[in-house]
């Protein structure tokens with residue numbers, strides 16, 4: 001176990017993401033994107049009116065959407081807060097809520113995309129809908145495939161950041177790291193201690209004073 005901890009290297013290629021960016025930097029950029037998107041989404045839903053020139057049923061749906069977003073605001077704030085705290089203070093357990101939400105998002109994208117693609121595929125077999133159905137099928141496949149791949153990439157970045165923080169904490173609390181720090185302190189102790197030069201100077205001054213006293 002200790003041998004594995006000794007091999008920890010923060011600059012290991014597995015802790016790098018795109019363009020040579022460190023995984024922690026990439027995770028913080030991703031957290032910033034999440035924060036901006038969620039804030040803009042909540043502001044748009046709350047600030048833009050949706051009950052002008054619509055039917056009563058549409059007004060009810062708009063109110064349900066509004067109230068659901070109002071309920072989601074503290075939940076999103078809590079999740080983003082734990083994410084930022086985990087990245088800044090390097091506490092890997094605080095990344096778990098965001099990772100869990102990404103897993104749910106991946107499952108939702110996969111189910112919705114599969115359902116729409118299946119419905120479109122059935123539509124292409126009907127007479128008169130073949131041409132439009134093929135175009136819609138390609139569009140849904142491209143869109144949901146791209147969104148799913150992007151979500152997988154986000155999950156991969158945060159998962160690697162989780163592993164990086166966890167391995168770093170294990171190394172910093174391991175016996176090998178403590179012994180290493182003690183050895184470094186022991187090596188640095190003679191050079192950092194100014195007592196021997198001062199003692200030599202005092203001894204030389206004492207000897208010089210003694211000789212002068214003998215001469216007198």
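Even glycines carry a Cβ here, placed using N, Cα and C.
TrEMBL assigns the feature transmembrane segment to residues 29-48, out of the candidate ranges 9-28, 29-48. If you look at the transmembrane segment (29-48), the same-chain residues 6 or more away from its ends with a CB under 8 A from one of its CBs are 21, 65-66, 69-70, 72-73, 76, 80, 83-84, 87, 98, 154, 157-158. The average pLDDT computed for the domain 'DUF7027' (25-117) is 87.
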